[in-house]
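Asks: Mind having a look at this structure? Questions to follow.
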Amino acid sequence: MHTVSLHILQRLAASGTFLSGAELSAEFAMTRSAVWKHIRMLRTEGYGIDARTGLGYRLVSMAGRPLGVEVGPHLSTGRFGRPIHWHRSLESTNTTARSLAAGGAEEGTVVVAERQSAGRGRLGRSWDSPSGVNLYFSLVLRPRLPMERIPQLTLLLAVALHRALTILDGGLRPAIKWPNDIFVSGRKLCGILCEMQSEADRAHFVVAGIGINVNQPAFEGELEGTATSIRMETGRITSRPALLASVLNHLEPIYDRWQQEDDLSFVQRELEENAFLQGRRVSVERMRGTLEGTVTGIAPTGELIITTSDGTACRVASGEARLRK
């Protein structure tokens, strides 16, 4: 979207009433004809704009895009989502957010894209990122904590996602799959990828990338049967701007509390009660070989607790827990 078009959209949204072509022409230092071209451009993007002779232009409906002007009215945060950098297409929101963070972007800065050409997930996997139906965004964080605490952040993000999804209309029942996914009906709905740049014994910044399958009607190929979307589960179209705001609204307070606590004890019960793997037999590949057993909990420090057949409780800090039959 053209920068001037976005500014005109923001101005119309802030006004809430008619703005004359003369007002917009003077404010943006352009002819009335140029203003009209931007209005037409916004209409093609899906924004409902009423144009009346003698009155001017009035915004009557949004397009459902996760721009700051649409997300903002739903935000109750102090920092998160302020600002939001929207892009029609990026290789990866994490890559762009890392560049902004390295350049000094403030904590809470969000990068969101309508599509990603090279979206990535954990363990080097790709993330399917079709345009205009899902949420792909990255959040710049600057936690003031020792390095060993940073891996807990992924589970904290999972808690915020779980809360935001649970309150949606449609009766969605999400589950947290340790360490970085949200599942519904046994299929993947959300993924989390945290990437860090560190200095000495502390993180300089963390970029938290989140992908949520929102309004995608179906999945094909290798994703059929393994991935799902909110629309597929509920039969409803979900507002992406409102959902993005809800995730940020839920995340900011628990993120701030996490930095005041020693670990994840304050959300441990929530993690365990909503754990996809709880009580299931799994296997995890480790340097010392394969660990097999039953998931019996999540430690306050974020590790997965697996109890083996001889009753030994083992803690797993990283890796992928695969379900066993």
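Heads up, the Cβ atoms here are built off N, Cα and C, so glycines get one too.
Please treat TrEMBL annotations as automatic predictions, because they have not gone through curation.
Heads up, here are the entries from TrEMBL:
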{"type": "DNA_BIND", "residues": "21-40", "note": "DNA-binding region"}
{"type": "BINDING", "residues": "SER92, THR93, ASN94, GLN116, ARG120, GLY121, ARG122, LYS188", "note": "biotin binding site"}
{"type": "DOMAIN", "residues": "69-259", "note": "domain 'BPL/LPL catalytic'"}
Asks: Taking the Cβ of GLN116 (biotin binding site) as centre, how many other Cβ atoms lie within 10 Å?
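Replies: GLN116 (biotin binding site): 26 neighbouring Cβ atoms within 10 Å.
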Asks: Around ASN94 (biotin binding site), how many other C-beta atoms are within 10 angstroms of its C-beta?
Replies: 25
Asks: Determine, from DSSP, whether ASN94 (biotin binding site) sits in helix, strand or coil.
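Replies: Note: ASN94 (biotin binding site) is helical by DSSP.
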Asks: Using DSSP, how many residues in the DNA-binding region (21-40) fall into helix, strand and coil?
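Replies: DSSP composition of the DNA-binding region (21-40): 16 helix, 0 strand, 4 coil.
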Asks: Is it possible to get the count of other C-beta atoms within 10 angstroms of the C-beta of LYS188 (biotin binding site)?
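Replies: Step by step: centre on the Cβ of LYS188 (biotin binding site), count other Cβ atoms within 10 Å, giving 19.
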Asks: Counting only other Cβ atoms and using a 10 Å cut-off, which of the binding-site residues SER92, THR93 scores lowest?
Replies: SER92
Asks: Across the whole of the DNA-binding region (21-40), what does the mean pLDDT come to? Round it, please.
Replies: 95
